Amino acid sequence: MEGIAARGVDVRSRAKQYEKLDFLGEGQFATVYKARDKNTDRIVAIKKIKLGHRAEANDGINRTALREIKLLQELSHPNIIGLLDAFGHKSNISLVFDFMETDLEVIIKDTSLVLTPAHIKSYMLMTLQGLEYLHHLWILHRDLKPNNLLLDENGVLKLADFGLAKSFGSPNRIYTHQVVTRWYRSPELLFGARMYGVGVDMWAVGCILAELLLRVPFLPGDSDLDQLTRIFETLGTPTEEQWPGMSSLPDYVAFKSFPGTPLHLIFIAAGDDLLELLQGLFTFNPCARCTASQALRKRYFSNRPAPTPGNLLPRPNCSIEALKEQQNLNLGIKRKRTEGMDQKDIAKKLSF
């Protein structure tokens with residue numbers, strides 16, 4: 001981590017240390033490249049943070065990037081992405097990470113792959129182990145979703161993209177509720193809670209587990225109101241007795257009393273131990289929601305089948321561009337194939 005702490009290093013010479021090999025993807029806040037470290041011959045991923053908003057960077061500092069660097073410098077766990085280097089000037093910052101072969105979103109969407117109960121258990125075990133480590137250090141991830149769960153060539157899953165991560169624990173600290181991608185956002189966040197804890201990450205884990213089982217997003221809402229409607233229609237509308245304090249949340253709206261569908265009728269192939277875990281993750285009262293440590297002690301993880309070792313987990317059978325083409329065809333979208341297709345059209349969306 002010597003490179004991260006260095007000051008006054010010439011940015012151009014630092015950047016020349018890395019040979020760009022491929023464009024991996026572009027998000028709202030960053031562009032990601034595959035590169036080779038010329039000094040070590042190691043394959044890495046470089047996340048170039050885009051210039052922040054004027055208000056955020058008016059003193060020449062991208063605070064989101066600095067927060068991500070600061071947090072990642074303090075973390076060391078097999079299931080957390082490794083920050084290898086960081087360099088930049090003012091609000092232009094590049095972060096260098098372990099290169100990861102794929103992500104859980106790609107695995108879920110690759111219909112040529114069969115995900116067995118042992119595979120799913122392995123993904124959940126690694127996710128929860130990384131999350132337990134974070135929560136023990138009083139850090140919330142706040143943006144868990146399948147494409148932020150990366151997999152290396154050995155099948156090791158690592159939590160990534162800590163741009164929204166935050167330390168927690170102060171009883172009087174107020175947080176923003178505009179975190180977590182909507183489909184994985186917990187009910188308390190959707191109701192505008194400004195004080196929350198590990199429950200926001202655990203609800204997201206439940207949504208990811210459901211997506212692994214169903215192979216489609218579990219609760220794909222179009223707006224915050226639609227998201228809450230889908231949650232309550234599916235899982236039932238909670239009462240004040242089930243979730244004390246619900247009606248006092250800043251953006252609370254009373255909903256029709258939906259009965260919901262029992263989990264065993266939604267996840268028809270799930271055993272009692274898996275249903276017990278899902279029930280714990282989808283508990284409406286965030287104070288009673290299952291924690292990462294509690295989840296790892298559930299009988300689901302000690303019962304058979306045992307989790308599949310990482311090196312035996314499935315890997316994408318087709319190229320990313322072929323996978324995207326298949327998804328478009330499934331949606332009835334015809335795409336014209338052309339020679340020399342723009343790299344941006346076939347680039348994999350990958351966040352670090």
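Just so it is clear, glycine is given a Cβ too, placed from its N, Cα and C backbone atoms.
Marked as active site, proton acceptor by Swiss-Prot on the basis of sequence analysis: D143. Under the DSSP three-state reduction, D143 (active site, proton acceptor) is assigned to coil, being neither helix nor strand.
Annotation source Swiss-Prot lists ATP binding site at L24, G25, E26, G27, Q28, F29, A30, T31, V32, K47, citing sequence analysis. The number of other CB atoms found within 10 A of the CB of Q28 (ATP binding site), across every protein chain shown, is 7.
Per Swiss-Prot, the feature domain 'Protein kinase' maps to 18-301. In the predicted model, residues of the domain 'Protein kinase' (18-301) average a pLDDT of 91.
According to Swiss-Prot, the feature phosphoserine maps to S170, an assignment based on experimental evidence.
The phosphothreonine annotation in Swiss-Prot covers T176.
Largest Cα-Cα distance over the residues recorded as binding ATP, namely L24, G25, E26, G27, Q28, F29, A30, T31, V32, K47, equals 14 Å.
Between the C-alpha atoms of Q28 (ATP binding site) and D143 (active site, proton acceptor), the distance comes to 14 Å.
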